Amino acid sequence: MTTNKTFSMVLAMTLNGGIGYQNRLPWKLKEDLQRFKKITTGGIVIMGRKTFESMNSKPLPNRVNVVISKNMKSSNEVQVFPRIEDALQFYNTSHQKLYLIGGKRIFEEGLATDKCSDVHLTRIGVETKCDVYLNKNIFSTFQVNKTSQTKSENGINYDYQHLINKNSHEQSYIDEEHQENQYLDMITKIMKEGVSKDDRTGVGTMSIFGQTMRFNLAQSFPLLTTKKVFFRGVVEELLWFLRGNTNGKLLLDKGVKIWEGNGTREYLDTIGLQHRQEHDLGPVYGFQWRHFGAKYKDCQTDYSNQGVDQVKEIIQLLKNNPDSRRIILSAWNPIDLKQMALPPCHVMSQFFVANGKLSCMMYQRSCDFGLGIPFNIASYALLTYMLAKECNLNLGEFVHVLGDTHIYSNHVEALKKQIERVPYPFPLLKIKGNKSLFDYTYEDFELVGYNAHDKIEMKMAV
């Protein structure tokens with residue numbers, strides 16, 4: 001006799017397929033266990049004998065407990081069947097939902113029945129020690145319905161994903177979607193609604209105006225995963241800003257080419273800076289952050305104690321007057337704009353403290369969604385992490401306010417490829433030691449659990 005009864009699967013798995021270690025879960029995630037309880041309570045949970053034994057042979061409360069075994073016998077607390085198909089047939093007319101909860105053999109045999117309607121998957125971002133693995137592509141025939149925002153607990157980054165078979169209408173149990181979807185959805189919006197515009201570079205853009213994205217910094221670090229982001233470049237550029245540097249060669253010597261195109265002899269000559277030495281970028285971000293109002297000469301001059309050191313003032317305000325509404329960092333100085341190789345794109349940021357949590361809101365006038373924005377998100381998130389550590393604050397949000405929000409015409413095909421990708425959990429960020437904000441090096445920053453799709457090549461418009 002055949003059955004039309006379907007079931008859901010509920011499991012946690014690393015990105016390489018790890019699900020268990022020594023007949024136990026390899027991680028302790030309290031929130032994930034609470035979610036498991038929320039999903040399965042009131043239903044029928046189907047498990048293998050080893051999974052049942054890993055629970056000290058105690059049935060889960062408020063659920064019908066079913067064990068698949070040829071050796072065990074049914075009791076008042078547990079129903080036993082030799083095969084999954086037998087359990088499905090027995091509960092064919094039951095109004096209760098069925099959930100397969102492990103282990104490996106149960107998941108594999110369950111998929112072989114072709115009765116799995118959906119999967120509630122917890123994706124573990126860190127490869128912890130495991131001795132039981134599923135094929136990491138075991139759910140490749142399912143569609144992603146929803147992906148949650150990244151969470152963290154006990155040094156482990158993870159998220160929830162709801163996978164469905166076509167025609168499934170099961171509940172996802174996901175309240176807040178992955179925050180990288182904001183970025184991907186914005187690309188789609190620009191492609192659908194963007195106005196074609198000429199621009200300074202001659203490449204041309206599709207543009208919209210006045211958008212916002214928000215990232216929760218307390219749970220994870222928002223380094224995009226749908227393409228690999230050059231994190232070392234993000235760090236080195238920010239440290240270069242914080243030191244007040246304007247010499248692009250210092251970045252080039254470290255293999256960071258972000259500013260290379262804007263510092264060449266040819267480029268500087270075309271914007272009227274023939275007197276400037278190659279890779280002297282003028283009074284750009286770092287100069288404005290550390291010496292706002294000082295007279296710029298060249299990148300070799302010592303500007304100590306000249307102008308306003310906005311970064312130091314921010315640190316003092318965060319420590320001594322965190323409720324101030326004047327904790328602002330500005331890179332836009334109209335007097336200096338013509339001396340800059342490139343006027344600031346990320347113009348101003350404001351810092352806000354509530355309940356001991358530090359948040360940052362940054363306004364960006366020109367927003368290159370293909371190349372620039374992934375860097376900008378990570379850079380200001382990193383700055384907020386560093387300021388929070390310096391001032392003994394917890395982390396809040398990064399709010400990104402977007403002015404001219406655009407895609408360059410030569411990035412369209414690459415971005416079409418990117419928006420088809422499903423994000424991985426955001427990584428965690430650890431800052432080692434207790435150095436001054438101005439003394440950190442790249443080696444002081446550690447990404448934990450960064451998994452990303454392959455890099456996508458896009459040419460920078462200069």
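Using the three backbone atoms N, Cα and C, a Cβ is placed for every residue, glycine included.
Residues VAL10, ASP32, ILE101 are recorded by Swiss-Prot as substrate binders, and the candidate that the same record lists for that site, out of THR113, THR122, THR128, is THR122. Cα of ASN23 (NADP(+) binding site) to Cα of ILE101 (substrate binding site): a span of 14 Å.
Checking each of the binding-site residues (VAL10, ILE101, GLN364, SER366, ASP368) against CYS345 (active site), the C-alpha distance stays within 10 Å for GLN364, SER366, ASP368. The DSSP secondary structure for CYS345 (active site) is coil. Cβ-based neighbour count (10 Å, all protein chains) for SER366 (dUMP binding site) stands at 20. In the predicted model, residues of the region 'Thymidylate synthase' (180-462) average a pLDDT of 97.
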